[in-house]
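Taken from TrEMBL, the feature compositional bias 'Basic and acidic residues' applies to 1-10, 577-590. Annotated region 'Disordered' per TrEMBL: 1-26, 577-596, in sequence order. Annotation source TrEMBL lists domain 'DH' at 30-213. The domain 'BAR' annotation in TrEMBL covers 254-455. Annotation source TrEMBL lists domain 'SH3' at 506-569, 602-665.
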């Protein structure tokens, strides 16, 4: 009995080895249960996703397609990734001894794919919830949606759509917890332990990155909205806070332009922005060109020569009229319809798609100025307010989002634009083929129809060569009577301003604007043709030599270098002579040319306007380059030959004589322009 009693406690407590084995068995059991929970819940989760994507989405056809796209987002991509993940997960069950190790590696392999698909879904989740709330305000529609969901997924209950939409968010956040549970039931010295640790950390990073991406998208959606506000609405939004922010930003910008504080350089973003602006410009130009093309096509369709009485009996005229009638009623209207649907509408959509990113790029500059100011304060004081810290985070979120997504946006926009161009070319080719097919009978009556193709092209080349030679001869003869290049006329009342610039900077720094400039960007000036400015620097702060920093005498800013030419200052005698012009005041001074003789024009003769001229008073008349005018007087009323009285478009007025040239004698080579 004594021996039996002695053995009794030993049997209750067990040996250390026995306790270790029991603990290991418990860990192994809990580990297997955790693995089984991971696989079983993944299977159930994927089944629910497929029900959402197939049965429920297909039965909610009463909702607009745009709503369905928002509600279910990229659920098809999520299903595709999770299907492969589940397949590989189930295959680990055949290798039970190293199953946990394989599961850890599997999560590491799918880390990037899981983040890629779930971040898109999570970013659109809030917008989907807003749609769900709008449906609840329509009882009949809400009942229809609820009945569909209850028929397919009864466990959804009264939550309905909200229950289904939140499932992917819950799943991605649960992965680290499931892995942590497996890790807790794995002995630290097991080979799978470090792999599971890395997998847990990787899935936590995935969730952190998804939250950061979601925050960036929320910031972007806030600032990417393009609102068409009236001036009154804009003024109504002004308050002390917004005025303070705008003033601070302007001050920061002026300090940078003056070189008082450094500018934050971001070469990667600058390159992406330049590419994006180039793509946007191409899209805008393409849209403008297509708009002009459609206007011309509309004008062409309104002109119907086949309905005119040509007063020509027989011959090809009836056939021509029949052909034109058929083309006007069928081929051309069909072409116009296809052009609007396949080219114009996609172009307009592309322009709208780029409006949000363009606004975002502009907002980034504002946020960059806030960021730089806060960084300066942080260096000086060592601390910032909560609002200033939020401004830093807003800029970082915007910048990161633009750097990440502008490359893809640029590629998609270029591809989209390329497809539109290819479609446009294809439509033109189809139209040409249709016209040729319909005109097959009329082609036989052409004078060169029986020529072989090489002989025909030889004839075309010879004809073009002859016409080109005639045009070159015309140009040479025309240039013989051109006056030397002149400066543009000064704007009214600009002499005093020019004198101030001249005395301050000297003649070698003065430039004249050759055509109107509309300032679009920051620090860009709006200038009028003929305005004189002083050059301060022949490049901008980024080293771009196509934008010059100039002084107008009242404002400083940037102007395109291509629209500036060196201003030629006239001598004192010529200036006095110019002031003795027809009207004795600076408002009607003749243009100040490079000293050259003014060509004398005989009274009542034809002349050609060499340069455009904009009338600045009722005594003057506007001209277009190349316009034919009648010279009534080759001088003004005081005998000044620098101004001529002309008649153009039944209007009489003065123009600079140096802007006119004798009209060449008509038809010198045996041909004339059609009337």
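In case you wondered, yes, glycine gets a Cβ from its N, Cα and C as well.
What TrEMBL says about a protein is an automatic prediction, not a curated fact.
Mapped onto DSSP helix, strand and coil, the domain 'SH3' (506-569) counts 6 helix, 26 strand, 32 coil. DSSP labels the residues of the domain 'SH3' (602-665) in these numbers: 3 helix, 29 strand, 32 coil.
The domain 'SH3' (506-569) scores a mean pLDDT of 86 in the predicted structure.
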